[in-house]
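Marked as motif 'Nuclear localization signal' by Swiss-Prot: 32-47. Look at Swiss-Prot and you will find ARG39, GLU43, ARG47 tagged as site 'Interaction with E-box DNA', backed by experimental evidence. The feature site 'Important for interaction with BMAL1' is assigned by Swiss-Prot to HIS84, with experimental evidence given as support. Residues or ranges marked as domain 'PAC' in Swiss-Prot: 336-379. Per Swiss-Prot, the feature region 'Interaction with NR3C1' maps to 371-845. Here Swiss-Prot flags 392-411, 420-495, 624-654, 764-783, 811-846 as region 'Disordered'. The compositional bias 'Polar residues' annotation in Swiss-Prot covers 447-463. Annotation comment: Swiss-Prot describes 450-570 as region 'Interaction with SIRT1', evidence class similarity to another entry. What Swiss-Prot records for 478-493, 624-637, 644-654, 811-829 is compositional bias 'Low complexity'.
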Amino acid sequence: MLFTVSCSKMSSIVDRDDSSIFDGLVEEDDKDKAKRVSRNKSEKKRRDQFNVLIKELGSMLPGNARKMDKSTVLQKSIDFLRKHKEITAQSDASEIRQDWKPTFLSNEEFTQLMLEALDGFFLAIMTDGSIIYVSESVTSLLEHLPSDLVDQSIFNFIPEGEHSEVYKILSTHLLESDSLTPEYLKSKNQLEFCCHMLRGTIDPKEPSTYEYVKFIGNFKSLNSVSSSAHNGFEGTIQRTHRPSYEDRVCFVATVRLATPQFIKEMCTVEEPNEEFTSRHSLEWKFLFLDHRAPPIIGYLPFEVLGTSGYDYYHVDDLENLAKCHEHLMQYGKGKSCYYRFLTKGQQWIWLQTHYYITYHQWNSRPEFIVCTHTVVSYAEVRAERRRELGIEESLPETAADKSQDSGSDNRINTVSLKEALERFDHSPTPSASSRSSRKSSHTAVSDPSSTPTKIPTDTSTPPRQHLPAHEKMVQRRSSFSSQSINSQSVGSSLTQPVMSQATNLPIPQGMSQFQFSAQLGAMQHLKDQLEQRTRMIEANIHRQQEELRKIQEQLQMVHGQGLQMFLQQSNPGLNFGSVQLSSGNSSNIQQLAPINMQGQVVPTNQIQSGMNTGHIGTTQHMIQQQTLQSTSTQSQQNVLSGHSQQTSLPSQTQSTLTAPLYNTMVISQPAAGSMVQIPSSMPQNSTQSAAVTTFTQDRQIRFSQGQQLVTKLVTAPVACGAVMVPSTMLMGQVVTAYPTFATQQQQSQTLSVTQQQQQQSSQEQQLTSVQQPSQAQLTQPPQQFLQTSRLLHGNPSTQLILSAAFPLQQSTFPQSHHQQHQSQQQQQLSRHRTDSLPDPSKVQPQ
């Protein structure tokens, strides 16, 4: 029993142990699985990150056009880092020590600042004196542009008395050692000497001035200097000169002024066309300065506000600036000349200003001046000043395809060209434009220790009297281009001797045919320019002559023609031409001006008799004044000699005027006045004569000189209402409808013009009998009508037709006498008309 119980207990314990072991194994497997999963995740994450970095590194490497594996990317990265390390070490070796150079300045900026502080400039010359490099700071010290010195000899800018000494210093120093070892170049080649250098000027005619300078430098072998140590110097050497310089030595020196300058010119413009804006009062005081000004001039706005602009200008530029400002005040806008402005760093900077005056929007008073200042370089200023002086800037002599040994050939070319130009013009010319081509400078200078800093040129030996001939050619060309040649003969006479003499020039020895042909090409170019300018001037002359001829013709048309009034072909009517009247009354009748109707000459007496008989035909052409025939003149004198009121109509008088009759159409109405005046202007006529005609109510015709023609028209009242219409806006001919006194009310538009005193019945018969020969010119039928059509205000549909008939009825005149009793003023006019009317029974038809 006990055994059975113990066995059962043992079996239960074993079962419990097995289950616990199984559970433990399961737990261990779960833990291992979890660890493995986490490890795989971390490994995958690391691989992904590594791949991303490799990919990014490969994208930064150059030459990654093809896909690279990881090892290639790593290898190229290693190569790049190794090369970068070498370059960094090389740069550190040539880097200026940080203890005395600020970290925020580069080597070039620090070098420029050091040169400005030392009042010096860099100069690199060969042992024979050829200049191969000049820093830009030479302009602020000696007023030379770098292009003036490069490829020139240093002896051209040193007085002649110092040539031998400087040449000895440059040449004998290298004879001490035949081999240029690195140790020698580092330790024993230090060289210092003093001499005088020529100062540049804008005008070459100014006397030369020399500055006492000091050279401090050493010799450098051009092939021993590393590319990183060149610091931009290699780029300044021309490519054609580099092979000859590779095995040679140059002298690199810092040239300093013995006497420092207190104020220098800031001539280097790193960014051209820099500008800033300011506003000034009318007294030229600063009112505003924009944010672009401080980096250029150094002043902040509050430092200049209220100060005058003239406080910052150079004393030599004040006169020109004052003229520019006067021009501004006169015209309201303008552009200034080049002038120097003093910066805060005590340096002169060249500026040019565009300015204009702004006005108040309400009262239009000037408020202030707006200025836009532009920074310009000294090269532009010098070129502009020399152009004003008539001197052209010349380019440097050397070209890219010439070597150093071509200097002698250039001299031969310039000498031969000088001979050609001297044959062309024997008169001497002043010195030329640029000092860059100066080859010699003859000035006697005493010992430097006893001479002042600035040595003026001795007048007995001018330093620039021997000049290259090509400079004279440039100056002559500029003078020729500024001349005005008036004809082709002048241009040909100037240019033909040039070519004829140039072609006859012998070619000097050592001078190639190509070089001589280049000179002839230059002469031909000059000749072509002269001929082209001559043709342009001739064309201008011909055009001006043609314009002058047209103006003269127009003046002759205005002053030479008389008064001519034109009739429209569609509107026939009566038109009076140039009426010539004498001044005052005379007892003897001289001549009567004829009136042309449809090309027929009709004397005035025929018109008068025609008015009495009513035979006046319609006219279709303009009236032209012609010479009176002798037969009509005699008949008119015989007829009108007995008139109590006589009319004088001479054909020509001295100092007379012609009166154009601008039409004024008068249509009578009962309420209107009976007197109408028609003024007309009177232009001049060189061949015809005129006077002033006055028609009065008492039927007297008076003629007196004056500037205005006053025509008095007597209007007869009619039963129907009429309107007085001034037709000056129509600008047509004078239309006169002679009065018809019919019994019908339809003939209401009547215009009566009294031109002469009516004669007695016996005189009427005599007038009719005498005028029979002259009236043969009129071939009209007995019954004619005078009509005129006039467009009112340009409207073709609206026409004003004045029609008047002249029937031979005896009841006409009593009917008109009966109609003149409507008003007191018209009654007086009717009495005058009744006294002057002839007996209708004695009027005979023509």
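Cβ atoms here come from the backbone N, Cα and C positions, even for glycine.
Other Cβ atoms within 10 Å of the Cβ of GLU43 (site 'Interaction with E-box DNA'), summed over all protein chains shown, number 10. Using a 10 Å Cβ-Cβ cutoff, HIS84 (site 'Important for interaction with BMAL1') registers 10 neighbours. Mean predicted confidence for the region 'Interaction with SIRT1' (450-570): the pLDDT average there is 59. Counting every protein chain shown, the number of other Cβ atoms lying within 10 Å of the Cβ of ARG47 (site 'Interaction with E-box DNA') is 10.
When DSSP labels each residue, the domain 'PAC' (336-379) comes out as 2 helix, 27 strand, 15 coil, counted as helix, strand and coil in that order. The Cα atom of HIS84 (site 'Important for interaction with BMAL1') lies nearest to that of ARG47, taking the recorded sites ARG39, GLU43, ARG47 as the candidates. For the motif 'Nuclear localization signal' (32-47), residue counts in helix, strand and coil come to 16 helix, 0 strand, 0 coil, using DSSP.
It is 12 Å from the Cα atom of ARG39 (site 'Interaction with E-box DNA') to that of ARG47 (site 'Interaction with E-box DNA'). Within 10 Å of the C-beta atom of ARG39 (site 'Interaction with E-box DNA') sit 10 other C-beta atoms, taking all shown protein chains into account.
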